[in-house]
Amino acid sequence: MNIVILGTQWGDEGKGKIVDMLTEDVAAVVRFQGGHNAGHTLIIDGEKTILRLIPSGILREGVLCLIGNGVVLSPPALMEEIEELNAKGIPVTEQLRISSACNLLLPYHVALDKAREAELGTKAIGTTGRGIGPAYEDKVARRGIRAMDLLHPDQLLEKIKKATAYHNIQLEHYYHQTPLDYQSIYNQLMEFREKIKPMIGDVSALLGNLRRQNKHIIFEGAQGSLLDIDLGTYPYVTSSNTTAGSAATGSGFGPLYFDRVLGITKAYVTRVGAGPFPTELTNEEGKKMAKRGNEFGSVTGRPRRCGWFDVISMRRTIQINSLTGIVLTKLDVLDEFAKIHLCTAYRCDGEVVNEPPFDQSLLESCEPVYEEMPGWQTSTYGLTDYSEMPKEARNYISRLEELLGVPITIISTGPDRKHTIVRQAVFNQVITAKG
């Protein structure tokens with residue numbers, strides 16, 4: 001069975017924990033888009049591990065971790081991650097494979113990203129400044145440097161020289177920044193080449209072989225669906241397609257080979273950076289939500305904006321991803337709220353609407369229409385049995401399923417992989433729940 005697991009909001013939904021939990025039964029985990037601009041936090045037996053590029057299956061012995069062609073790969077970020085994992089005794093090089101068609105994220109991409117955000121000032125998009133957007137620009141413009149280019153040093157030098165000269169024009173004459181030296185970039189890549197050369201290969205062919213052996217594969221998304229470059233809250237989006245269709249194009253795996261699409265969603269909503277957020281709470285409730293949820297970016301450390309669950313945006317996410325199941329995370333964050341609110345419609349320019357507008361100026365003016373439910377005000381932290389959950393919490397989950405039309409198959413009640421209620425089996429999971 002082949003399953004896509006992705007975020008349904010603006011990222012930070014808890015994908016890493018769920019992927020890690022499910023990898024017990026899989027042969028491979030695949031990253032298919034994004035870069036090191038988002039982190040997946042895993043907590044196993046109290047020990048925290050943050051992954052940025054390497055798939056979340058790396059903590060399971062024998063699970064292949066594949067970086068697909070849709071990822072933009074920062075060599076220094078990858079090496080730092082490998083070293084951190086090696087220090088914990090994890091044999092990364094034995095499990096990790098990198099698509100030869102994967103584009104590399106290089107120093108001029110980072111320099112351009114930072115220069116652009118600085119120029120925009122108060123109108124900045126709120127990127128992480130890690131070069132993701134410029135790296136994807138080079139890919140689309142067909143001037144990108146790919147992992148396979150590392151295998152041909154002479155050709156690589158010429159490509160780096162041309163690309164650096166091209167980007168230095170913008171850096172020096174438009175943004176008034178110091179130009180970069182192509183030789184130093186090349187030298188860094190040569191050091192990187194020696195370390196990862198054995199891991200470069202044909203990920204698409206490898207996935208095909210696993211499929212023919214009827215092995216289980218997880219395709220792990222980064223960021224969230226509302227940050228999709230085409231279908232998200234443009235221009236306040238990331239630079240890649242974060243929706244289910246990207247799992248095929250970003251890995252070289254045929255779209256008809258996917259069996260399920262699981263969407264990870266918090267029991268509330270968070271967002272980092274600028275952009276419209278209809279249910280955002282700027283009052284004490286929002287501060288309480290952020291504090292209880294420890295809502296700070298795992299990579300950037302930036303505080304996340306918090307708000308009530310948005311049924312309207314979630315329905316859009318379900319539609320564009322063809323979700324077959326929902327994983328509800330961080331339910332325990334809501335434990336101390338006397339009242340829970342669900343946004344069931346928007347009021348835009350005096351009209352009640354049930355679809356999120358693509359017009360961002362209109363979306364920014366939308367106000368949430370709320371349905372109020374009683375809170376449970378008792379701890380759900382660490383529960384593993386659905387029948388032990390407070391009645392009000394079960395009512396909240398049932399109402400979500402009713403409004404969304406998709407079953408909530410897994411509920412996360414804490415950060416550890418053990419803090420989980422599985423209501424519907426995925427692969428051959430032996431953890432089951434009553435109720």
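Residue positions begin at 1 at the first shown residue.
Glycine too: its Cβ is placed from the backbone N, Cα and C atoms.
Source: prediction; values computed, not measured.
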Starting from the IMP binding annotation in Swiss-Prot that includes Asp12, Glu13, Gly14, Lys15, Asn37, Ala38, Gly39, His40, Thr128, Arg142, Thr238, Arg302, which of Gln155, Gln223 is the extra site residue?
Gln223
Whole-number Å value for how far Lys17 (GTP binding site) lies from Pro303 (substrate binding site) (Cα to Cα):
20
Rounded to the nearest Å, what's the C-alpha distance separating His40 (active site, proton donor) and Gly14 (GTP binding site)? Just drop the number here, would you?
7
One of the binding-site residues Asp12, Gly39, Gln223, Gly301 has its Cα closest to the Cα of Leu331 (GTP binding site), namely Asp12
Taking the Cα atoms as reference points, how far is Lys17 (GTP binding site) from Gly39 (IMP binding site) in Å?
11
Counting only other Cβ atoms and using a 10 Å cut-off, which of the recorded positions Lys17, His40, Arg302, Arg304 scores lowest?
Arg302
Between the Cα atoms of Gly301 (substrate binding site) and Gln223 (IMP binding site), find the distance and write it as a whole number of Å.
15
